[in-house]
Ligand SMILES: N[C@@H](CCC(=O)N[C@@H](CSC=O)C(=O)NCC(=O)O)C(=O)O
């Protein structure tokens, strides 16, 4: 696996970098961003750098690897805690990758929904589940000074991705968190559109990617933290956190959902609580 460094910026004593690489899983060139905290270069007293744990961040509809890194304000706290952040793109892209005919923001490019598509013309490239769970972590482990302690978080479509991937891979992630996740995509317009196109009409095939369905059958899951703004414009129709609460009820799982009064769906909300999520993840990554 080879990759090309396309940007590098000093940030809070560490480095924000972007890379291009050819993804065999997705059949196209992909860009991702990584924040490496100062600890990888040098210890506090001049001792050699160390390997650090990783937080994978999955972004929402219309995003690339850049939204979170530029808008969330996570670098300062990642630098303090000694946690690397990896932010992939939200779909395959490039020549030959099909898009929604109308260029809709909620399907196709920028809207991979973190599933492995089985329907044409999507099945060849739209394999974001395998990319996030397998190919990208392998590349990150190979190329960066990181440990095998990983957590996962995300926003909206990426919140769905983080919850779903964490629930399906409890051994791989030390903790899971989400901002404003699409909790029950099988029952939400964004999810129904994506799943019908990527997975076909058989709703049984949708269950494997729906957090509410997965949580009902989960035996052990990593600790989960969810934040949801009470004034989120997508709350009732698309996000439906009450369904997640209902699915978790009486399960005994380590799960907390907090409704944050007055907050909306934007990165101002993420920026307001990212420090708490980073500290939550660090407490589990460093166990
Ligand atoms: N119509 C809007 C919708 C796009 C939007 O709100 N995207 C959110 C994620 S929504 C769920 O996955 C987002 O994170 N946008 C990027 C940002 O930097 O705010 C539109 O087309 O803008």
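Just so it is clear, glycine is given a Cβ too, placed from its N, Cα and C backbone atoms.
Annotated active site, charge relay system per TrEMBL: 156, 232, 265, in sequence order.
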Taking the Cβ of residue 265 (active site, charge relay system) as centre, how many other Cβ atoms lie within 10 Å?
21
In three-state terms from DSSP, label residue 156 (active site, charge relay system) for me.
coil
